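Q: Before I ask anything, here is the structure I am working with.
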Amino acid sequence: MEAARESMAALGDAGLYDCAQTLGCFLVSSAPVSNEAGMSMKVESLVLHGDALHGEREFRRALSAYKQAMQYSKSIPRQATSSTRSSATPTGRSPSPNSSSLAALNENEVKFKIALCHSALREHREGLQEMEGIPSKVRTLKMNLMLGKLYRISRNNRAAAVCYKECLRQCPYVFEAITALAEMGLSSKEFSLIFSQAPNRGGKAPGDSLDAQRWWNRYVEAQCCIASHDYKGGLDIYVDLMQRFPNNVHILLEIAKVEAIIGRNDEATMNFEKARLIDPNIMTYMDEYAILLKSKSDYTKLNKLVHDMLHIDPARPETCLALAALWERKDERKALTYAEKSLRVDDRHITGYIMKGNLHLLLNRPDLAVTDFRGAQELRADLRSYQGLVRAYLALSKCKDALFTAREAMKVMHQSAKALKLVGDVHAISSSGREKARKFYESAIRLEPGFLGAALALADLHVAEGRNKDAVLLLERYLRQWADDSLHIKLAQVFAATNMLSDALSHYQSALRINPHNEAAKKGLERLEKQMKGVDPDAPEEDEENEADDVDGDQDDPELL
């Protein structure tokens, strides 16, 4: 059977896992033998069979095969195994038993494979137990990375940091470890110290190493800035790195994601589109791009994006969330099923929790939305999870919890105009808090003069207090600098409320010239036209049409894309 074992190993190396696991069924079911050579062959066959099953994503069966291999290995006399333990291959396979000395199972490698199976099955505690059984001195790079992930999932950040640092000492370009350590609060100086301890691979010249360290340090600084919510600082560094690495899709996507988080939607959309021009098959953060297109009511582009993503990889969580964004306008409950599906695919996908929370708010389930946004915060708190939590608490009339959350956001993001505006939003709920709200909105505008969200909120406050003229003056001042459809819509609403219908009409039309897809402008214009005809805009129509048409009219249903 030795030739069959060698063929099975070759099939596995070639990625032909289906053939390998079928052959493995013959090898592992062969007649049992009691001699040491036969037992070693049985162990090797079980490990190879486990590898093939893992490649086929049959993790439960692979787990069983690996555990059987460990059990059989223990029955081999220790004298035979101890003399040859070091000869086991790094993949957990043993050399031929016909060689001069019997080879033992590489137990540490098989423990790692068992942990991988547990992790794939989301049995993180069991995976962690297996990984902790591997001595730290023999852990490879991939073992340290896996252990760091498992410690982080179990919220043991101190132990996770030790593992991630060891990864960077072995290779400073483990970007997953860089991101994780930045989120855990490691400073850029500490990163530089780790980089200096990394081996100089390939005997590179000092100049080449210095150049690599320069851009690596800048990348690390950007990660540290973003992890500490200094989004502007992180963006500035990323833009600087783009000069050194033009058309770098990774950096372009990182820029776009941060811009989406802080509400620079136009810039984020443009950068996502640039990334897709460079690499049309990119999937990373495409759910963020889909959400942006949905917010702009650009369903033509959103439909095309979803079509492309379904063609590239329908099983990715990003694809599920893009479908959720597409369905939100037509069927919020169906959109929710796609958001839930994204979390079944990857229960650590932050955007999935945020999308699910926003959908629960739309479905008037703020209690469930709180759980969703808390889930996002447990993974990584950002502005959107704070905003969602505040909205959910206000919907539940839990004003104290909303204020506490908004203040926490302001404390964490002390240089964020968005966080200041969030505190203002809570105060603006009650008439007694409007003066405080005004101060927070004005502070946000002073900190970030181009922050239209604060200007719109301040205009709403003026209207609530009967100062319509102040609201108009504020919005018109902003319009002189920023031609934005949201400013035109707000002005139209103020004019319509004061019965200045022709002025309102002009601004709704201006909003639609800027963004023909703007749903708020379309609905506002429809109401205004009824008002101008003397019809009650809130009266139900006799033959109200069901707006459950295809997203693009003539395009296919999203289920069939």
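Even glycines carry a Cβ here, placed using N, Cα and C.
This is the feature table in TrEMBL:
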type	residues	note
COMPBIAS	77-102	compositional bias 'Low complexity'
COMPBIAS	522-536	compositional bias 'Basic and acidic residues'
COMPBIAS	538-561	compositional bias 'Acidic residues'
REGION	74-102	region 'Disordered'
REGION	522-561	region 'Disordered'
REPEAT	485-518	repeat 'TPR'
Q: Residues of the same chain, at least six outside the compositional bias 'Basic and acidic residues' (522-536), with any C-beta under 8 angstroms of its C-beta?
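A: Here the qualifying positions are 489, 492-493, 496, 501, 504-505, 508-509, 512.
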Q: So, by DSSP, how many helix, strand and coil residues make up the compositional bias 'Basic and acidic residues' (522-536)?
A: 11 helix, 0 strand, 4 coil
Q: Count the residues of the repeat 'TPR' (485-518) that DSSP assigns to helix (H, G, I), to strand (E, B) and to coil, and report the three numbers in that order.
A: 27 helix, 0 strand, 7 coil
Q: Over the repeat 'TPR' (485-518), what does the predicted model average in pLDDT?
A: 88
